[in-house]
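A.B. asks: Below is a structure I'd like to ask you about.
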């Protein structure tokens with residue numbers, strides 16, 4: 001990657017909040033030849049959630065002899081774009097680190113995937129401190145320091161120890177000889193002990209040059225010597241001093257109080273590393289041999305605990321802790337006064353450990369930023385900072401104050417990875433955070449002069465199109481990733497939709513655009529920083545590197561692209577450690593449009609691997625796509641999701657994520673929003689000039705109480721019944737009005753007059769149904785035959801009408817329609833007779849005679865029409881009817 005490309009990428013960092021990237025402490029390396037670790041590595045304790053880009057194995061400090069070749073190894077969680085190594089010579093400890101040129105005679109760098117190896121020839125100019133630097137796009141991650149030291153062994157004050165020691169003790173005593181006090185070795189020497197020139201096995205290991213003989217006897221008498229060996233160089237040193245020990249029988253010895261022998265220390269001071277085993281040895285002899293009691297005024301329960309063991313003159317404490325530091329007293333008493341007290345001062349050193357890592361949010365350019373880094377360790381660790389691999393001491397805007405880094409004015413060049421290092425003589429520990437810088441918006445320059453006056457026909461200045469931030473990429477599966485981006489707060493043109501574009505890194509690789517339109521949603525900001533969005537991209541190829549960008553489409557149908565993301569290498573899932581899976585505990589009904597998710601992690605889950613969580617939700621009745629929400633921070637255990645539909649059941653699932661991968665989904669869990677609450681509070685009356693601008697939501701518009709619904713339904717039924725009643729009454733009145741027409745044909749009259757009213761009457765009266773039985777007169781058949789013959793010869797005969805006389809029965813209510821039709825035909829036939837019917841029907845005869853007189857010139861065709869009856873109950877007992885029975 002060229003310097004220009006690196007600079008451009010530095011201004012377009014990942015925008016979603018990435019938590020600190022802990023640099024794990026050193027794990028055992030594979031030194032070449034006789035190289036040995038200078039200090040054992042302390043356990044790794046990641047101090048903060050990691051986005052997946054971190055140092056898995058930092059180079060380890062080594063001690064090697066001159067002319068040897070050593071190998072420093074560095075491994076990262078993801079394959080970087082490139083590795084670099086820097087060096088600071090031990091000849092100039094105050095100087096800064098310088099990047100090494102690879103391929104030289106004294107340093108050779110090789111890379112295999114995510115592992116880089118530096119081969120160094122041990123020379124005086126190659127001794128010093130080394131760092132491994134991994135480049136991940138705009139991010140620069142630096143490892144902790146590895147020291148390369150020269151193996152050495154030397155004697156101190158050798159002349160004073162040339163004369164041999166001569167001790168005479170009674171049998172049964174324990175003897176402590178410190179033969180290695182004059183030796184200085186790097187690394188610590190290993191010891192061998194000899195009696196009369198024959199090597200003997202010591203009772204305790206790790207005595208650091210102290211020979212301890214317990215319960216001596218006459219067989220223990222002899223000449224003792226010791227030898228130190230450097231484990232790195234193999235160099236051996238035979239100490240000139242020796243011990244002549246003479247053991248006498250206890251019966252021949254006179255009584256003596258406990259006392260120290262010549263050359264034995266009156267007090268001791270021991271320094272040990274936390275986690276190691278501590279062995280305290282008590283010097284002193286007496287006659288008879290004294291009894292030893294151990295105690296400590298500083299450490300409560302120092303002797304009587306599971307980690308402590310007493311072996312007479314020896315006290316062993318395993319897995320030493322910091323609170324084990326203090327003064328220990330060895331009290332010796334044999335009944336002869338005075339008793340002997342021996343004091344041993346114990347110091348427990350602790351490697352540095354960062355307990356409060358730095359944390360940086362999105363910071364505006366020009367703002368003041370204060371980062372804190374708190375660490376523990378014995379001795380108290382020194383804190384220093386790196387900004388994208390460069391020391392903060394060289395930055396003019398940076399100030400160091402105790403555990404704080406203060407940037408008085410955040411600039412674009414500060415964007416990147418900020419690391420805090422805690423250092424003491426036992427080693428280093430590191431943690432970092434991603435510093436995101438929101439650049440200042442460049443305003444269009446105005447014309448110089450006084451008040452700006454718009455030119456004629458010049459419209460208002462168009463709003464700017466503010467692009468979204470570069471997306472942050474998280475692996476979801478072997479073929480898909482999740483993108484997160486943000487639209488910073490602005491007053492520019494509103495965004496309508498987003499499109500996601502991606503391309504595979506390589507020559508002649510074009511940008512691909514996904515088919516999905518990602519809506520902007522409601523025009524409001526989710527937080528003070530802006531509004532965040534997420535989208536997934538599928539159908540990718542594993543073990544390939546991609547870049548992503550976001551295309552924003554604005555309300556003026558124009559579009560603008562975000563800066564491209566950093567290179568993202570899509571690793572297969574088999575190469576990644578599984579992420580902790582969250583467990584959904586409860587879906588709390590928060591309000592009518594919101595719920596709160598509550599979840600937990602397993603007790604053995606490593607929370608430091610998590611950057612945040614993805615929440616997926618959709619209505620339970622839907623089989624469509626899930627809505628997504630991003631929850632930042634590994635410590636989050638609850639999250640409110642809104643807005644949702646009122647009184648609707650939803651299903652939810654969670655997964656944790658980091659920049660490298662995402663976990664499996666949690667089990668589905670259902671929950672619902674609250675039902676609407678009925679309120680009896682009266683709405684305030686709007687005054688003149690006031691207007692209620694509240695717009696009800698979709699759910700509130702159609703949400704009615706059951707009582708109101710029943711009232712409206714009952715009213716609708718009553719209205720329908722009233723309309724039906726009115727319709728029947730009107731129809732009855734129309735039937736009556738049609739019956740009063742004198743010119744209406746007789747067939748229609750009879751139908752209308754005898755239409756039953758029982759079907760449409762609102763109130764039905766219970767009355768006995770009256771049946772009318774009509775029997776035709778035999779004379780009517782003869783009259784009908786004569787009438788038909790006349791009709792054939794005379795088609796134009798006029799009609800004459802004479803009122804007919806009927807008996808009226810006011811109690812008659814109903815009549816059979818079929819009987820009425822037969823009666824009608826009978827009456828019409830009877831009207832055509834000649835009137836000589838022997839007086840059976842006087843009314844008909846009168847009508848016929850009247851008709852002949854009024855029209856003498858016409859043939860005698862007479863049709864009798866009955867006038868309108870005054871009631872629906874009639875007694876047809878005259879004319880051509882023979883009998884009427886009711």
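Each residue, glycine too, has its Cβ placed from N, Cα and C.
Okay, so Swiss-Prot annotates it like this:
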- 1-20: signal peptide (SIGNAL)
- 29-52: region 'Disordered' (REGION)
- 29-38: compositional bias 'Low complexity' (COMPBIAS)
- 51-148: domain 'Ig-like C2-type 1' (DOMAIN)
- 74-132: disulfide bond (DISULFID)
- 138-238: domain 'Ig-like C2-type 2' (DOMAIN)
- 179-226: disulfide bond (DISULFID)
- 258-346: domain 'Ig-like C2-type 3' (DOMAIN)
- 282-330: disulfide bond (DISULFID)
- 352-438: domain 'Ig-like C2-type 4' (DOMAIN)
- 373-420: disulfide bond (DISULFID)
- 432-475: region 'Disordered' (REGION)
- 467-573: domain 'Fibronectin type-III 1' (DOMAIN)
- 581-676: domain 'Fibronectin type-III 2' (DOMAIN)
- 668-697: region 'Disordered' (REGION)
- 710-730: transmembrane segment (TRANSMEM)
- 731-886: topological domain 'Cytoplasmic' (TOPO_DOM)
- 734-768: region 'Disordered' (REGION)
- 781-886: region 'Disordered' (REGION)
- 829-843: compositional bias 'Low complexity' (COMPBIAS)
- 870-886: compositional bias 'Low complexity' (COMPBIAS)
A.B. asks: Using DSSP, break the domain 'Ig-like C2-type 4' (352-438) down into helix, strand and coil residues and give each count.
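C.D. replies: Counting residues per DSSP class in the domain 'Ig-like C2-type 4' (352-438), I get 6 helix, 54 strand, 27 coil.
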A.B. asks: Out of the disulfide-bonded residues listed (74, 132, 179, 226, 373, 420), which are within 10 Å of residue 330 (disulfide bond), Cα to Cα?
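C.D. replies: So the list is empty; none.
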A.B. asks: Select one residue from 132, 282: among these disulfide-bonded residues, choose the one with the most other Cβ atoms within 10 Å of its Cβ.
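C.D. replies: When each Cβ's neighbours within 10 Å are tallied, 132 tops the list.
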A.B. asks: Which three-state DSSP class does residue 74 (disulfide bond) fall into?
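C.D. replies: DSSP assigns residue 74 (disulfide bond) to strand.
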A.B. asks: Restricting to the chain of residue 373 (disulfide bond) and a gap of 6 or more, list residues whose Cβ falls under 8 Å of its Cβ, or answer none.
C.D. replies: 354, 356, 357, 358, 383, 385, 403, 404, 405, 420, 422, 431
A.B. asks: Nearest to residue 282 (disulfide bond) by Cα, among 74, 132, 179, 226 (disulfide-bonded residues)?
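C.D. replies: Closest recorded candidate to residue 282 (disulfide bond) by Cα: 179.
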A.B. asks: May I ask for the distance between residue 132 (disulfide bond) and residue 179 (disulfide bond), taken between their Cα atoms and rounded to an integer number of Å?
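C.D. replies: With distance taken Cα to Cα, residue 179 (disulfide bond) is 42 Å from residue 132 (disulfide bond).
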A.B. asks: Just how many other Cβ atoms lie inside 10 Å of the Cβ on residue 226 (disulfide bond)?
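C.D. replies: Around residue 226 (disulfide bond), other Cβ atoms within 10 Å: 23.
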A.B. asks: Which whole-number mean pLDDT does the model give the domain 'Ig-like C2-type 4' (352-438)?
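C.D. replies: That stretch averages a pLDDT of 91.
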A.B. asks: Could you state the CA-to-CA distance between residue 179 (disulfide bond) and residue 74 (disulfide bond) to the nearest Å?
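C.D. replies: Approximately 41 Å lies between the Cα of residue 179 (disulfide bond) and that of residue 74 (disulfide bond).
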A.B. asks: In sequence order, which residues at least six apart in the same chain have a CB under 8 Å from the CB of residue 74 (disulfide bond)?
C.D. replies: 55, 57, 58, 59, 83, 85, 115, 116, 117, 118, 132, 134, 143
